[in-house]
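Student: So TrEMBL has the following annotated:
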DOMAIN    45-282  domain 'G-protein coupled receptors family 1 profile'
TRANSMEM  30-54  transmembrane segment
TRANSMEM  66-89  transmembrane segment
TRANSMEM  111-131  transmembrane segment
TRANSMEM  143-161  transmembrane segment
TRANSMEM  193-214  transmembrane segment
TRANSMEM  234-257  transmembrane segment
TRANSMEM  263-284  transmembrane segment
Amino acid sequence: MSQVCCHADLSRHLFSHQVDMNNTVEPEPVYAAVFGCIMVLGLPLNAVSLWILLRQHSLKSPNVVFMVNLAISDLLLAISLPTRVYFYATGTWPLGPSVCVLTTVIFRKNISSSAILITFICVDRLLAVVYPMRSRHLRTSSNAWKAVALVWLFLMLMNISRSVSMSRALKNCTVPVCFDYHPCWAPYKPAWVYFYVVLVFIMLAVNVVCTTLVSWTLRSHLTDSAKVSNKVNVMLIFVMNLVMFTICFIPLYVGLLTIKGTVIRPLVCLATMNCCLDPLLYYFSLDNFWKKKEDVDLATREE
């Protein structure tokens, strides 16, 4: 216990050199500009994507169900970015600890849900291309909604637990800052970080296996596989998934194993970029993205 207290005191002592007498930190306009650009791109891209998915495509397709939920998650992240832009631009946090906890939880929820939903899309594409007939009873909108509901329930429970622990850590803190600057969070490395690191590497492995199997199937022209009209688009989906995992998700979760804000800050920027890349996934995943289609499936006509 005394060792933890010593680490906490040391962290606060080091942090005190970054905070001036007005309880502000030095503004970082570069990060403010990066998050501002992501917000400007992410908000309209995901709003339009969500509108097109709901209006032009049928929710009877499991692929569309996953994408609608992914678009909602990305839209929530983009909506929360103005607080980060303000903080990095001014070096002050006048919104209090509750808003700090809320925006931090929204960000972490988005990263987790994005990684899981992208993996669901990858597995769905694998089943559609490699096992189109045998997977018909699995690839239903009902099963997709059940899977999505379990994901949101799991993340909600995890976020409630984290919100309580974060609120307790901030209870006795008087430093009005937020995010990776906060001295009350620095000494601690919660157990959930290790859990998510393992989980994200498992999901990466799933994406690699799916990409390999689909690539092999398309090259082999197996008779029991689906007739794919656009093989380039199919492979682009899997390549984009791998790129997002290797650039956006893996570095961040590995970086969270450290307690250095200077390490985490640029990784957070990279991770946030996924909300701008996901709309490209919708475009390449759905045939005639801009046109109305009752049951969109790029790999095979199932209905």
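Glycine too: its Cβ is placed from the backbone N, Cα and C atoms.
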Student: Which residues, given as numbers and ranges, are at least 6 beyond the ends of the transmembrane segment (30-54) yet have a Cβ under 8 Å from it?
Tutor: 64, 67-68, 71-72, 74-75, 77-79, 81-82, 84-86, 88-89, 265, 269, 272-273, 275-276, 278-279, 282, 289-290
Student: To what whole number does the mean pLDDT across the domain 'G-protein coupled receptors family 1 profile' (45-282) round?
Tutor: 83
Student: Report, as numbers and ranges, every residue of the chain located at least six residues beyond the transmembrane segment (193-214) whose Cβ falls under 8 Å of a Cβ in that stretch; write 'none' if there are none.
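Tutor: Distant contacts of the transmembrane segment (193-214): 112, 115-116, 118-119, 122-123, 125-126, 129-130, 234-235, 238-239, 241-242, 245-246, 249-250, 253-254, 256-257.
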Student: Is the transmembrane segment (234-257) close to the transmembrane segment (66-89), in the sense of at least 3 CB pairs under 8 angstroms with a sequence gap of 6 or more?
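Tutor: With fewer than 3 qualifying Cβ pairs, these stretches do not touch.
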Student: For the transmembrane segment (143-161), give me same-chain residues lying six or more residues beyond its boundaries with a C-beta closer than 8 angstroms to one of its C-beta atoms, as numbers and ranges.
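Tutor: The answer is 62, 65-66, 69, 105, 108-109, 112-113, 116-117, 120, 124, 192.
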